[in-house]
Amino acid sequence: MKIISLSISIGIAIIAVLASKTLFKTHPEAFGIKAISYSFKKSLCDHHHHHHHHHHHHHRHKPSDTKRKVSICDDFPKNIPPLDTDTTSYLCVDKNGCCNFTTVQSAVDAVGNFSQRRNVIWINSGMYYEKVVIPKTKPNITLQGQGFDITAIAWNDTAYSANGTFYCATVQVFGSQFVAKNISFMNVAPIPKPGDVGAQAVAIRIAGDESAFVGCGFFGAQDTLHDDRGRHYFKDCYIQGSIDFIFGNAKSLYQDCRIISMANQLSPGSKAVNGAVTANGRSSKDENSGFSFVNCTIGGTGHVWLGRAWRPYSRVVFVSTTMTDVIAPEGWNNFNDPSRDATIFYGEYNCSGPGADMSKRAPYVQKLNETQVALLINTSFIDGDQWLQFSDL
């Protein structure tokens, strides 16, 4: 029962997070929030119903049991990708038991160590309440959902409950050449109050090299996406949080992503800042890391910086990105350490919208030129020509 009551409380927390009035007001159904909220409510009810039903397996209702099982799987898609057995293995996950695995972790566990072929874990729609670890010994794994608004992995650890921010992620990826498509990663721990200690609640930690995320969602409040280390590519993703919600020391390109601040709504005219999109962890000039955001949109609630200098050589750029007035006029923060002004690299180029006004930006912010930008805006920034195979995506 413990698991079930946990899953119900997680589900309620998710619905609270996703159906928060401010989110609906700011981001209508175009962002799939209603769909997520509805489908996850539905999956929660299914989960509860299925569990309740489970108690009757010992009664003499075998025919209806079978009938119910068949009806659950009737809708199961028959068009799982064709098997190209030379190069790809397919594993199938469905929480209702309609294929080989009912949890994502059990499918990951079934992949052989150091497999040279691509292992596609096809995950049917639904909410999977579990922590998932993809170890270093398992490269070449793809998690393929059915849409970030209908397939998600969720858990609710915080830094306090999991012995630190580095271990509280719902999903931890250490294997290289990891790919995720059309799936959400969620940490549904309650949104922290300002000043809460140990409230960091990470949705995913990406610590393997050469990883790509396409059409994915990342949901949490504080420290949502731990872009820890390695070269990573994000395209058409939806990233939501409030404080330092994209953080780490990876070298990553974010293209065509929607970035949504969930920071508290401030009273009109308030100059307070209550969040930051990025906290990049580059700590020396010798580290070839940094975040590049190209053709993204930034909106949401509260008043946030584009980045704050978590480490002295923090490096982040925004190019051709649309920003609402959720971005504070100064744009960036040096972690209240003026000695970092000379070493951080924060730049903007060709951005638009009320939040992109450069006239009041902090003095250390660089107005980039076309030559500088050319090296930062496409997949060559992350050496994509060496590893990023669009056929895998």
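Note that Cβ sites are derived from N, Cα and C of the backbone, with glycine treated the same way.
Under the heading N-linked glycosylation site, Swiss-Prot lists Asn100 (among others). Neighbour count (other Cβ atoms within 10 Å of the Cβ, all protein chains): 13 for Asn100 (N-linked glycosylation site).
Annotated N-linked glycosylation site per Swiss-Prot: Asn113 (among others), in sequence order. In the three-state DSSP assignment, the secondary structure recorded for Asn113 (N-linked glycosylation site) is coil. Remark: Asn113 (N-linked glycosylation site) has Thr137, Lys138 as non-local neighbours, by Cβ distance under 8 Å and separation of at least 6 in sequence.
Annotation comment: Swiss-Prot describes Asn140 (among others) as N-linked glycosylation site. Within the same chain, residues at least 6 positions away in sequence whose Cβ sits under 8 Å from that of Asn140 (N-linked glycosylation site) are Ser115, Gln116, Arg117, Arg118, Asn119, Gly175, Ser176, Gln177, Phe178. For the recorded site, Asn140 (N-linked glycosylation site), the DSSP three-state label reads coil.
Within 10 Å of the Cβ of Asn156 (N-linked glycosylation site) there are 21 other Cβ atoms, across all protein chains. Residues or ranges marked as N-linked glycosylation site by Swiss-Prot: Asn156 (among others).
If you look up Swiss-Prot, you'll see Asn163 (among others) marked as N-linked glycosylation site.
Taken from Swiss-Prot, the feature substrate binding site covers Thr165, Gln200, Arg308. Taking the Cβ of Arg308 (substrate binding site) as centre and 10 Å as the limit, one finds 26 other Cβ atoms among all the protein chains shown. Annotation note: Arg308 (substrate binding site) sits in a strand segment as assigned by DSSP.
Under DSSP, Asn182 (N-linked glycosylation site) is assigned to coil, being neither helix nor strand in the three-state scheme. All protein chains considered, the CB of Asn182 (N-linked glycosylation site) has 20 other CB atoms within 10 Å. According to Swiss-Prot, the N-linked glycosylation site annotation covers Asn182 (among others).
Here Swiss-Prot flags Gln222 as site 'Transition state stabilizer', drawing on similarity to another entry. Take the CB of Gln222 (site 'Transition state stabilizer') and look out to 10 A: across all protein chains shown you find 25 other CB atoms.
All chains included, 28 other C-beta atoms sit within 10 angstroms of the C-beta of Asp223 (active site, proton donor). What Swiss-Prot records for Asp223 is active site, proton donor.
The DSSP secondary structure for Asp244 (active site, nucleophile) is coil. For Asp244 (active site, nucleophile), the same-chain residues that are 6 or more apart in sequence and have a Cβ closer than 8 Å to its Cβ are Gln222, Asp223, Ala276, Thr278, Ala279, Arg308, Trp310. Look at Swiss-Prot and you will find Asp244 tagged as active site, nucleophile, backed by sequence analysis.
The N-linked glycosylation site feature in Swiss-Prot is assigned to Asn295 (among others). Cβ contacts within 10 Å of Asn295 (N-linked glycosylation site), excluding its own Cβ and spanning all protein chains shown: 16.
Sequence-distant neighbours of Asn350 (N-linked glycosylation site) (same chain, 6+ apart, CB under 8 A from its CB) are Val319, Ser320, Val373. Sequence annotations record features per position, and here Swiss-Prot assigns N-linked glycosylation site to Asn350 (among others).
Per Swiss-Prot, N-linked glycosylation site is recorded for Asn369 (among others). DSSP assigns Asn369 (N-linked glycosylation site) to coil in the three-state reduction, outside any helix or strand. Around the Cβ of Asn369 (N-linked glycosylation site), 10 further Cβ atoms fall within 10 Å across all displayed protein chains.
According to its DSSP assignment, Asn378 (N-linked glycosylation site) is coil. Within the same chain, the residues at least 6 positions away from Asn378 (N-linked glycosylation site) whose Cβ sits under 8 Å from its Cβ are Leu253, Val294, Gly384, listed in sequence order. Among the features that Swiss-Prot reports, N-linked glycosylation site is placed at Asn378 (among others).
Cα distances from Asn156 (N-linked glycosylation site) to the recorded positions Asn100, Asn182, Gln200, Asn295, Asn369 are smallest for Gln200. Of all the glycosylation sites in the list Asn100, Asn182, Asn295, Asn369, the shortest Cα-Cα distance to Gln200 (substrate binding site) is found for Asn182.
Cα spacing between Asn100 (N-linked glycosylation site) and Asn182 (N-linked glycosylation site): 20 Å, rounded to the nearest whole number.
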